[in-house]
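**Student:** Submitted below is the structure of interest, expressed as structure tokens.
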Amino acid sequence: MAPIHYLLPIITLGSAALARQDAFEAKCHSFANKIHLPNVHVNFASYVPGGTNLTLADNPSSCGATSQSVSADVCRVAMAVATSNSSEITLEAWFPRNYTGRFLSTGNGGLSGCIQYYDMAYTTGFGFATVGANNGHNGTSGEPFYHHPEVLEDFAYRSIHTGVVIGKKLTKMFYEEGFNKSYYLGCSTGGRQGFKSVQKYPNDFDGVVAGAPAFNFANLISWSAHFYPITGPPGSDTYLSPAMWKVAHDEIIRQCDQIDGAKDGIIEDPSLCNPIMETIICKPGASSDNCLSAAQAKTVREVLYPLYGVNGTLLYPRMQPGSEVLAAPIMYNGQPFAYSTDWYRYVVYNDPNWNGTTFDVQDAAAALAQNPYNIQTWDADLTPFRKSGGKVLTYHGLQDQLISSENSKLYYARVAETMGMPPEELDEFYRFFQISGMGHCGGGDGAYGIGNGLATYSGKDPENNVLMAMVQWVEKGIAPETVRGAKFANGPGSTVEYSRKHCRYPRRNVFKGPGNYTDENAWECVV
């Protein structure tokens, strides 16, 4: 046994650590009584030890989560914040014990009023003081917008900004040192919210990571609605079952896979892929298991075509080829897209009986003309954000089944044209990365593990993590030249089969060799 005098430092250190933990826990429990901010009603402040599987008893059932695993010790503060006389947001702020001096806001998805607890757990694990809100309503339906313009305004922009303002004040109250830098992390609707902050509140964040952004929002809603008139319902001549979409997908891959130089089942640049679906029209008398009818081939061709408005103006670019299998059960399932139907029912027409099967381009014109609270999020002059010193890193999966990656390219072009800046100048503050083999915000057939959330985590180093790459860009001035993605053998947390460095737009990946396509150094970013 060691002499007692050798054990004393260990005991002292252990006691000090325990005291710090006790002090943190006590600070958390007393924090609610110290919050006296206008329009803020604190529901509770509770200490959550790392390793807890946190029960989310009040989370709306449609949000799909009854619990959340939390890795770090955090102080969880839940509150309601009034945004008008008839609206409020539910806001949570999580303060980690391993605080790194960084503030972060998470975003939302779809039309939803769901706090993304998985993002809050993810970012507090990195030491960010993190806020998340319900976007001004509960659940995934658009019905709360019906005759409630204040709720709609929260959804369009106000929820995120309110959460940031309150969250920063609370962070300064909870930590004596306040915070040094402010960040944002979101995808889909969360991506749109990130760009809305860049456009409308250029001083809210030092660094914004915005994935698969749902900007050009009104036209995105219409684009999502326009697939049903193309496919028709199950049983119609124009409808393809998921199995038939797999047949179409395999033919598209056959025609386009090797454009990038590698036969790996991944299309590196879908803009170069213009499949000819007549090649698999069934011959007379042939089995239809591995070919399409003429009507079905036309459906595939029309699905891969942009949406134009009543006067021939481009509303929304085409769905990128390569996403067919992922999109089939959601966008091409023979039913009107639920989010689009809700938007037209409860926002555009204020008519709960509007039928999504009747959609046409006149409806698209009505939605775009309305554009409540500039929810389009399509402003292209980012000069104030640039002058503030802010950085925005956006990414988009090239197998995205819900929001076409072509739309992110279109916005990039709009910014370049509006600001009169070529890519090398935009790179100073705005970088866009196309992620081959990534579906909507994650998943897919390729190297989608870029660290934009728990479901894509493959390491915390900036080289393997898009959030920490943003931190490095903001705090050290080292901008990411590529975004490395991991191809998992069997989903997140499993063995990494290979990695690939995804290129900064407008560059694209080309296989040069030598070696196998699984070697990230066998690829080159070219313009």
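If you go along the chain as it appears here, the first residue is 1 and each next one adds 1.
The backbone N, Cα and C atoms fix where each Cβ goes, and this holds for glycine too.
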**Student:** When you check Swiss-Prot, which of C63, C75 turns out to share a disulphide bond with C28?
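**Tutor:** Within the candidate set C63, C75, Swiss-Prot assigns the bond with C28 to C75.
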**Student:** Taking Swiss-Prot as the reference, C441 is linked by a disulphide to which residue in C187, C256, C273?
**Tutor:** C187
**Student:** Taking Swiss-Prot as the reference, C273 is linked by a disulphide to which residue in C256, C291?
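**Tutor:** Candidates were C256, C291; Swiss-Prot matches C273 with C256.
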**Student:** So what sits near N180 (N-linked glycosylation site) in its own chain, CB-to-CB under 8 Å and at least six residues off in sequence?
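**Tutor:** Spatial neighbours, sequence-distant, of N180 (N-linked glycosylation site): G101, R102.
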**Student:** Considering Cα atoms only, can you say which of S188, D257, A262, D264 is the nearest neighbour of N355 (N-linked glycosylation site) among these recorded positions?
**Tutor:** S188
**Student:** For Ca(2+), what surrounds D257, D260, A262, D264, I266 with a Cβ no more than 8 Å from their Cβ centroid?
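**Tutor:** Neighbours within 8 Å of the Cβ centroid, excluding D257, D260, A262, D264, I266: Q258, G261, K263, G265, I267, E268, S436, F511, Y517.
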**Student:** Rounded to the nearest Å, what's the C-alpha distance separating C441 (disulfide bond) and D400 (active site, charge relay system)? Just drop the number here, would you?
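**Tutor:** Between the alpha carbons of C441 (disulfide bond) and D400 (active site, charge relay system) there are 8 Å.
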**Student:** Among N53, C75, C114, C525, these being the recorded positions, pick the one whose CA is nearest to that of D260 (Ca(2+) binding site).
**Tutor:** C525
**Student:** Round to a whole number and give the Cα-to-Cα distance in Å for the pair N138 (N-linked glycosylation site) and N311 (N-linked glycosylation site).
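**Tutor:** Between the Cα atoms of N138 (N-linked glycosylation site) and N311 (N-linked glycosylation site), the distance comes to 38 Å.
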**Student:** Count the Cβ atoms, other than its own, that fall within 10 Å of the Cβ of C114 (disulfide bond), considering every protein chain shown.
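**Tutor:** I get 23 for this one.
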**Student:** Consider the recorded positions A262, D264, I266, D400, H440 and say which one has the Cα lying nearest the Cα of N53 (N-linked glycosylation site).
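**Tutor:** The smallest Cα gap between N53 (N-linked glycosylation site) and any of the recorded positions is with H440.
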